[in-house]
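**Q** This is the feature table in TrEMBL:
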type     : residues : note
TRANSMEM : 6-26     : transmembrane segment
TRANSMEM : 71-97    : transmembrane segment
TRANSMEM : 117-138  : transmembrane segment
TRANSMEM : 183-206  : transmembrane segment
TRANSMEM : 218-244  : transmembrane segment
TRANSMEM : 270-295  : transmembrane segment
TRANSMEM : 316-335  : transmembrane segment
TRANSMEM : 387-407  : transmembrane segment
TRANSMEM : 419-440  : transmembrane segment
TRANSMEM : 452-478  : transmembrane segment
Amino acid sequence: EWDRWLLMGLIGTAIGMLGFLIHQIIDSLIKLKWDLVEKYLQVSKRKTRSMGANLVIYFSTGQDGNIHMTWLCALGSGLGMVVLSSGSVLFFCPAGSPSGLPEIIGYLNGTSIQHLFNIKTFLGTFVSCVLAVASGLFRGSEGPMIHLGALLGCGLSQLQSDTLGIHLPIFTRFRNSADKHSFITAGAGAGIALVFRAPIGGLLFMLEEVSSFWDIRLAWQTFFCCLMATFTTDLLSSSLYGFVYRGHFGFFEAEKRIIFWVKNLLDMNVLAFVLTILLGMLGGLLGALFVSLNIKINKLRMQFFNSIPKLSLRKTSKLLETVLILVISCVPLVANLGSGRNFLALDVGCILSFPCSSEQGSAAALLVENGKQGITYLFKRGTHEEFGYTSLCTALAFYFILSCWTAGSAVASGLVIPMLYTGALYGRIIGLILVSIFGVQTNEYGAWIDPGLFAAIGAASFFSGVSRLTISLTVIMVS
């Protein structure tokens, strides 16, 4: 069995390198976009009071910089990415649209799907995923990473390609249906494991959600594959960010390795469990609403597109839908709410115009370009009054509707980040209500009344309500 373990390790390493490459390209594209935007904005800048070093607020009187050109530049770069992202799955590889996870689940449970594991699907999914996340759509890279991991598991285990005419004379004993399924299972698990830096979570996700055929040997080998993928990504990410060498190769910083870093831990009170039950019920109700609404949207989408007789026009209409979603995502939520100087919040999904106040500054931070960073802001401890009711409720309605509409559109992207973000928003609202009632507690017995804590619980509840995951989700959230 040594060759099977060796191949599992090679697949995990390859998936880790692929995940690293995807995230580096996304970070580079986001930086390139805002560097381009900054050229039209000649203003002073300072970091926010407690949002973190990654969010920069640019203040302007409206005279120093060309605000309209800045907004158009940000929107135009996002539109260009969305058009290429949607076009790659519509015209280049239809098997890569939109997520890939349902197709992998179907294949591992006995359904034959054409073109699911070929070179074109791999390239199209890769390009579409990178551009969709970098464009500013309310999406993540989780679903496509599972698909890409499964593709690498299939390709590296079989070492043959009819498209390229490659048939290598090694590992030939694995060229059968049973072993092929095992390596695809391990590859898909490694894909989700490296996204959340949780090898055990990747194994449990496959066991709970994806595959129906398991044995103890496959479980250990899948875990080894997930471990190698996570280790490879962490090792490469330890010294590189946006393909820029930062030093300290092989030094694993906890704050960078843990996906949603929370520095301060809190002692719990039994009353918190009562609120946790209520948040779980709310997550189930909102999750059911999300799924029901998404099913209706997709039925209407299918009816509309199927009514278009010409195939090329139908695909073009699907592409235009993704463009419309991005344009709506980039419409300023609030403009000129009062007198005084305005600011522009860069490193967010769109250019937002707000008056210079902490409440609207918080609203801008909630729409941060990187969804993971935005979730980290919501999870942060000790920021009891950082986000107000207006910004939280506005962002919740905006994110819930747009993420529900985006799910099923013609781009390769995942839904995990929007689910966590939506749950974190209403969880923080519950925490803010408690702060409004009891005030900011400084003693150790009341320190659990922290909106950041309830944001984390809310994120898990909505994720579970939509996906119906329990064990693997718990491991992913605490990893």
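For all residues, glycine too, the Cβ spot is worked out from N, Cα and C.
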**Q** Rank 71-97, 117-138, 183-206, 419-440 by Cβ pairs under 8 Å to the transmembrane segment (6-26) and hand me the top one.
**A** 183-206
**Q** Between the stretches 71-97, 117-138, 218-244, 387-407, 452-478, which wins on the count of C-beta pairs under 8 angstroms to the transmembrane segment (419-440)?
**A** 452-478
**Q** Taking 3+ C-beta pairs under 8 angstroms (sequence gap of 6 or more) as contact, is the transmembrane segment (270-295) in contact with the transmembrane segment (71-97)?
**A** no
**Q** Under 8 Å between C-beta atoms and at least six residues away from its ends: which parts of the chain pack against the transmembrane segment (452-478)?
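**A** Distant Cβ neighbours of the transmembrane segment (452-478) are 196, 198, 200-201, 204-205, 207-209, 260, 262, 266, 272, 275-276, 279-280, 282-288, 290-291, 375, 378-383, 415-416, 419-428, 430-431, 434.
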